[in-house]
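Listed in TrEMBL for this protein:
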type	residues	note
REGION	B:1-31	region 'Disordered'
DOMAIN	B:108-289	domain 'FAD-binding PCMH-type'
BINDING	B:140-146, B:222-225, B:273-279	FAD binding site
SITE	B:ARG324	site 'Important for enzyme activity'
BINDING	B:ARG410	substrate binding site
Protein chains: 2
Amino acid sequence: MTTTGAGPAAAPERPTVPEMHPQRWGDPARATALPEATAGLVELAFGHHETPAVADPRPPAPRLDPGLLDDLRAVVGEAHVLCDDATRRLRTRGKSTPDLLRARAGDLSDAPDAVVRPGDHDEVQAVLDWAVEHRVALVPFGGGTSVTGGLVARRDGLAGVVSLDLVRMKRLVALDPVSRTATLEPGLRGPEAEALLAAEGFTLGHFPQSFEFASIGGFAATRSSGQSSAGYGRFDAMVVGLTAATPRGRLDLGSSPANAAGPDLRQLLLGSEGALGVVTAVTVRVRPVPEEKAYEGWHWPSFEAGQTAMRTLAQAGQLPTVLRLSDEHETVLNLARPDAIGADGSEGADGDGAPGGGCLMITGYEGTPAAVARRRDEVTEVLTALGGRRLGTDPGEAWTHGRFDAPYLRDSMLDAGVLVETMETATFWSRVPALYAAVRAALVASLGEQAIVLCHVSHVYETGCSLYFTVAAPAGDAPLERWLAAKSAASDAMLDQGATITHHHAVGTDHKPWLAREVGPVGVELLRALKAAADPTGVLNPGVLVP
Amino acid sequence: MTTTGAGPAAAPERPTVPEMHPQRWGDPARATALPEATAGLVELAFGHHETPAVADPRPPAPRLDPGLLDDLRAVVGEAHVLCDDATRRLRTRGKSTPDLLRARAGDLSDAPDAVVRPGDHDEVQAVLDWAVEHRVALVPFGGGTSVTGGLVARRDGLAGVVSLDLVRMKRLVALDPVSRTATLEPGLRGPEAEALLAAEGFTLGHFPQSFEFASIGGFAATRSSGQSSAGYGRFDAMVVGLTAATPRGRLDLGSSPANAAGPDLRQLLLGSEGALGVVTAVTVRVRPVPEEKAYEGWHWPSFEAGQTAMRTLAQAGQLPTVLRLSDEHETVLNLARPDAIGADGSEGADGDGAPGGGCLMITGYEGTPAAVARRRDEVTEVLTALGGRRLGTDPGEAWTHGRFDAPYLRDSMLDAGVLVETMETATFWSRVPALYAAVRAALVASLGEQAIVLCHVSHVYETGCSLYFTVAAPAGDAPLERWLAAKSAASDAMLDQGATITHHHAVGTDHKPWLAREVGPVGVELLRALKAAADPTGVLNPGVLVP
């Protein structure tokens, strides 16, 4: 195997990933208020509310016997067992709207009793063994970006809760340029992994909206899917091998790209959300850093027409690297941003560049100049034949510019008393119209006619696609209850339509009841059996995933 | 959902799949002796031996209490519970060389006590419930083409063994032309499934060497991979949904093409070889029947140069539909057939069409004329730039002509006292040369310098490929022991190299010890837990898969 061990030497190249704000998404330095014009529009649409945040909330005192931590200190070192309020606060829950609302209200009741930071697989294994011995819940922590309650361990029957922070495990363990595989440690955040790979000429190509904070371990544990999934595939499709620490010992999988050696156990650990084991290394397929990137916009007369175009590309095997389609509602909102559609419509069929209603599609092409040109020509031919109107590169550039910013806006909107949250699902192509209508209807029925429901398709397959909804509604006096009711109604609608409860946000604690419906009682039995086998004492992220 | 129920109305269109010979591969009418010239060569190479077959062997008398079968007759009907010798003989074991040798020797000790033929999912479920109640082993039977001992149930602790013959479950249950999915019953043989789909304008594109006899259920249960996997993908990659009967009840999976709703339980049933449940329906991605098919040959100076070309195509995302590469040994043997390389070398770089040593590659293109032309041009450009020499269409046509015939030859060779068997593995690209050398060396060390070892690559991925070995050696006086020793040595070599024990032949009973090494003790625990959860009384194909 042609392998270069990169290791700590590469550390100076790593971008710095800041700690997230304990009550908001992202880099505290990038938190902003709504622009005045937007604030005015919001007040016009929803009236004036406020969802104030308690200043400097404190987590409850640790409930774990401090004597138990001494053994842990012997394993990972004094400096890596932390019990201070500030550290514990930063490891409390994820970033769903319920998480944010609870944190704003000063409720940090789910804070871990301690934060432990192992440095390698063996230290993770030792922490697991300690947790099993003392019946302490362990919550693996990567980027803290969960939006489905994946970081809320159940405490019942356990001595306490410890956050297993993977922040020290950030090595590029191996790179095989011939096979184009890289072995990465789980604590690497998206930008850190990309920087290490870029130094070797490669990219993972995985860019979910959480990219700036989310971790390699989290991508694997939640079956993440990124904005370039049309070209690079879902994260679970990139994984060819993985190592996990489990209470039963070490699990190493990945003899080959694919095989017939029984059930694919890699596909059990992928999506297991820390409930079956802690992923300590992931071997992923990588690709050369693209020499060229080009993004552009297309206009479609309707959401349905745009979907037909996406389906045609997917079924012809002619997908661009990025392929997204906003529904009419989301398109209108995008267009409210002056940079969303370029003034230069010279590439458009009718030369005026104006969208004239309808739907905006973004197509992106990455690769060698020849590959970009070839695929772009193919796609352009197909989309033009289907009635699409090319809008030039400005909408594409506008999208790439703001692609990781939406979660910051969510907090600014919450400041102004507006709930903004997303939810996503997937189904087969023929069922998309009914699913779209049912989820929209459920959200509007729950939140009222005032609610704004936007949708886009951002992940496509030969047989179907995802639907990603963004919802905005007045927070009202009981925003948490209001949102949970809406979420529940929309989730019921998804399952009623035979669709999945989540295309790429995982199960966590929030989606468990619907997962049980999705896989049925026998599926639940299989999950329970796996949990009991891998984690007999139930210390691994208890409460998530397994119904 | 746009669905057409096809059902029994389509039955008249089905091709007839004959019952296989109880001691040989395939249609008894197609059994042939070796051509005289070949027989002469074989005698020259290996000397004269004979491996005679016992005429008309009889299975042992049924050991199951016949009274127990009355309940079964009430479920599936009198006509579908069979205990006669002829029927039981045809459901005894699969078609590995050990299976053939034992059958030739008159050893039918693994014959089932009865054969039961349920007509639909509910009848399968009722048979399972009966088996659980009476502790009877059930061996699902599709095409009977297993080459890894997948049809050899353990009897210990059980009242008997019943073959669960899926021969009556041959419906196209649903077809969704928009999503391009088809729901098929498990008893459909390859040609039957293709005929039903072709009537609707679609194809599965799954053509393993066992295609003429193997079944849809078997493809799913063994993670089959076909000769067109470069274009159509492995069977497990085609599956978007499945239904299984388990002793715990019905399991329905497949809400969406892909999702983040926990571990992918579909990937547990795929490759489960009847040990976790009986697959009663599979929903697969289908594609339009290709308007055009074109196959051609390429010459490479070495196996390594050809592999580099395959890797380049796979990593550039420019794979043809079929891509195969024979090593120097297999190429020589292919060339011994006069139709293998065409006399017309006009398309070759040097115009003489002669291979001049080196390796033969087959490339195949299927799709619309435009898609075939486009991909063919792309591939031709890449292969030419890498030093490949185009040999025209004759080698391609020769390959398509004989692609399902090799197993017949194996029996003819056995008649002449020559063991011919295949084994296959997969690894990452950078490890291929070492794996190839190690398996070859192990086989020659075990079987002697006289042994002929051929190899080809027929399944490629971005990160790696399969290696498929064909071995010929004098059968000698103890052919079974001789082969088992060679197989064991080659299997050890695969695992020593970190490769998989099987790329597409499944685990069965034969590969179990190596599966245990491949997934390690924690992997084995997970498999055992799944087995215990799905099949607590252990009646489902006991002895296969789970170490």
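Each residue, glycine too, has its Cβ placed from N, Cα and C.
Just so you know, TrEMBL annotations are computer predictions that nobody has curated.
The shortest Cα-Cα distance from the residue listed as 'substrate binding site' to any of the binding-site residues (B:PRO140, B:GLY143, B:SER146, B:GLY277) is found for B:SER146. B:GLY274 (FAD binding site) is surrounded by 27 other CB atoms, counting those within 10 A of its CB over all protein chains shown. Of the listed recorded positions, namely B:ARG324, B:ARG410, the sparsest CB environment within 10 A is found at B:ARG410.
Sequence-distant neighbours of B:SER224 (FAD binding site): residues of the same chain at least 6 apart with a C-beta under 8 Å from its C-beta are B:HIS206, B:PRO208, B:SER210, B:ALA214, B:GLY218, B:ARG234, B:PHE235, B:ASP236, B:HIS504. Shown in sequence order, B:LEU164, B:LEU166, B:PRO186, B:GLY217, B:ALA221, B:GLY274, B:VAL278, B:VAL279, B:ASN541 are the residues of the chain, 6+ apart in sequence, with a C-beta less than 8 angstroms from the C-beta of B:PRO140 (FAD binding site).
A distance below 8 A between C-beta atoms marks B:SER224 as the binding-site residues from B:GLY143, B:SER146, B:SER224, B:GLY274 lying next to chain A.
Using a 10 Å Cβ-Cβ cutoff, B:GLY143 (FAD binding site) registers 25 neighbours. Each residue contributes its Cα atom, and for B:ARG324 (site 'Important for enzyme activity') and B:GLY143 (FAD binding site) these two points are 25 Å apart. Under the DSSP three-state reduction, B:GLY277 (FAD binding site) is assigned to coil, being neither helix nor strand. According to DSSP, B:ARG324 (site 'Important for enzyme activity') is assigned to a strand segment. For the domain 'FAD-binding PCMH-type' (B:108-289), the mean pLDDT of the prediction comes to 98. In the shown protein chains, 28 other C-beta atoms lie within 10 A of the C-beta of B:GLY277 (FAD binding site).
Secondary structure at B:SER146 (FAD binding site), as computed by DSSP, is coil.
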